[in-house]
Amino acid sequence: MFKANENYLKLPGSYLFSTVGRKQREYSAAHPDKKVIRLSIGDVTQPLAPAIIERLHKAVDEMAVAETFKGYAPDLGYEFLRNTIAKNDYADRGVDISADEIFVSDGAKSDSANIQEIFTADSKIAVCDPVYPVYVDSNVMAGRTGTYDKNTELWSDVIYMPCLADNNFAPELPKETPDIIYLCFPNNPTGATIKKDQLQEWVDYANKVGAVIIYDAAYEAYISEEDVPHTIYECEGAKTCAIELKSFSKNAGFTGTRLGYAVVPKNLKDADGVSMHSLWARRHGTKFNGAPYIVQAAGDAVYSDEGKAQTKAQIAYYMNNAKVISQGLKDAGYTVSGGVNAPYIWLKTPNNMSSWDFFDYLLENANVVGTPGSGFGPSGEGYFRLTAFGTYENTVEAIERIKNM
Ligand code: MLT
C-alpha cells in the first residue's frame, strides 16, 4: 500500500492564509448582512496598468497568427525579458548581473519554496521570527527541520532569529552557524528594512562561514528611504553567497497573472565548487516549462516608460493607504511600525491580547480581517499585520471602524 510523505504529516495545521481565508468565509456566511473588509493576505486590488493590458492583448493576438505563435517558452525565460530585467533592475543601479543569471518563474512564492531543493538534505536553515511561512513549511516538506514542539511552536533543527521591537525587527547574526539563511527585506510581515551597511554585514558573514543567503526582495519597489538596498547585489561579495528572488505581483499587480524571477549568480559555488546556477538550471529544465509567453510579454511592459510611470502610481496609491493605516492606528493609540518602505503595517495588539484573539475581536467588532502575527512564528505573538493593498475607500472605512471599536 502506498504511503504519504511523512514530512508533510509533520506540518502543523493548514497554510496560514488558508486558515485566515476560511475563518473569514465562515464569518461572512454566518453574517451575510455585514460588509467584511479584507486587509489580510497581501493581494493587490488595483487592476493591471494600461500599458501591461495593452501588451497582454497584443501578445494574445500574436498567439493567433502562425508567424508569431509561441509554443513552449524557454525554460529559463525569454531573452527579451531577461535582458530587460538585467538592464533595469541591475545595470541601471550599477549592479552587474547578466541576463543568463536570471531565471524567470511563475512567482516568488514558488521560487522561495523550491530553491531549497538544490541544497543538501541536512542543510541547517536560519529564518527570521516572525517569517513568511513558505520558507519554513517548504523545508518541513523537505524533511530538514527536525521535530515540532507544540508548546514553543519551534522546529528543533531550525535556527530562529527573533525580530522584535527592541532590535527594530532586524535579525542579529545567529550564534549557531547555518548553511542557508533566509532574509526578506523590505520584510514580510513586519515591514521593517535594514540599511546597506547592515546587509553588507550579512553578506560578509555568509561568505565567512560558507552559508548561502536566500534574499527575498519581493517588496523592493516599496522602498522610499535612502540607503535601503534595492538588491543584495549592491553589497560587495554578494555574488558568491546570495540568491535573490523577485516578484511581479506586488510591484505590478501580477498576483493573478503570475510572474517572478530568481537570480542565481554563476559565481555561487558550494563547498566542493559545484555551481548552484547549473543546478537551478537543471531543476528548471526538468520541472518547469516556463512562464507563459503572454505573461512574460506583459512583464516586459512593466519596464516601458508608461509601465514604469503607471506602476509607480499604483505603488504610491498603496503607500498612501499605508499612511492612512499607520496614522489612523497611531491616533487610536496603537503601537505601529512598518508601512514606510513596505505595504505592511505591523501593530502591537492592545491589552496584551493574543494575535488570534485580536483577529476574532477585529472581525467581530470592526468586520475587518487582518493576519495574526503569531501565524508568522512565535515572535509574532502579540502582533498583527494589516496590508495596504486594499482599495483606498475600504482602507479608510476599515480604519474608521477600528477607531470606533
Ligand atoms: C502575504 O500576504 O504574506 C503574501 O501575499 C503571500 C504571498 O505573497 O504569497
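A Cβ is built for glycine as well, from the same backbone N, Cα and C atoms used for every other residue.
Bear in mind that TrEMBL entries carry predicted annotations, made automatically and left uncurated.
According to TrEMBL:
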- Y15, G42, K109, Y132, N188, N289, R385: substrate binding site (BINDING)
- Y72, A108, K109, Y132, N188, Y219, S247, F248, S249, R258, N289: pyridoxal 5'-phosphate binding site (BINDING)
- 34-402: domain 'Aminotransferase class I/classII large' (DOMAIN)
- K250: N6-(pyridoxal phosphate)lysine (MOD_RES)
Is any of Y72, K109, N188, S247, K250 (recorded positions) within Cβ reach of ligand 1, i.e. under 6 A, and which? K109, N188
Taking all residues of the domain 'Aminotransferase class I/classII large' (34-402) together, what is their mean pLDDT? 97
Nearest of the recorded positions to N289 (substrate binding site) by CA-CA distance, picking from Y72, S247, S249, K250? Y72
Would you list, in sequence order, the binding-site residues among Y15, G42, K109, N188, R385 whose CA lies within 10 Å of the CA of the residue listed as 'N6-(pyridoxal phosphate)lysine'? G42
G42 (substrate binding site): secondary structure state under DSSP, collapsed to three categories: coil
Judged by other C-beta atoms within 10 Å of its C-beta, the most isolated of the binding-site residues Y15, Y72, Y132 is Y72
Max CA-CA distance, Å, over listed substrate-binding residues Y15, G42, K109, Y132, N188, N289, R385: 35
May I ask which residues of the same chain, at least 6 positions away in sequence, place their Cβ under 8 angstroms from the Cβ of S249 (pyridoxal 5'-phosphate binding site)? V44, G107, A108, A218, T255, R258, L259, G260
Starting from the Cβ of G42 (substrate binding site), draw a 10 Å sphere and report how many other Cβ atoms land inside it. 23
Which of the listed binding-site residues (N188, S247, N289) has the least company, meaning the fewest other Cβ atoms within 10 Å of its Cβ? N289
How many Å separate the Cα atoms of S247 (pyridoxal 5'-phosphate binding site) and G42 (substrate binding site)? 13
Rank the recorded positions K109, K250, R385 by the number of other Cβ atoms within 10 Å of each Cβ, and give the residue at the low end. K109
For the pyridoxal 5'-phosphate binding site, please report the maximum Cα-Cα distance among Y72, A108, K109, Y132, N188, Y219, S247, F248, S249, R258, N289 in Å. 33
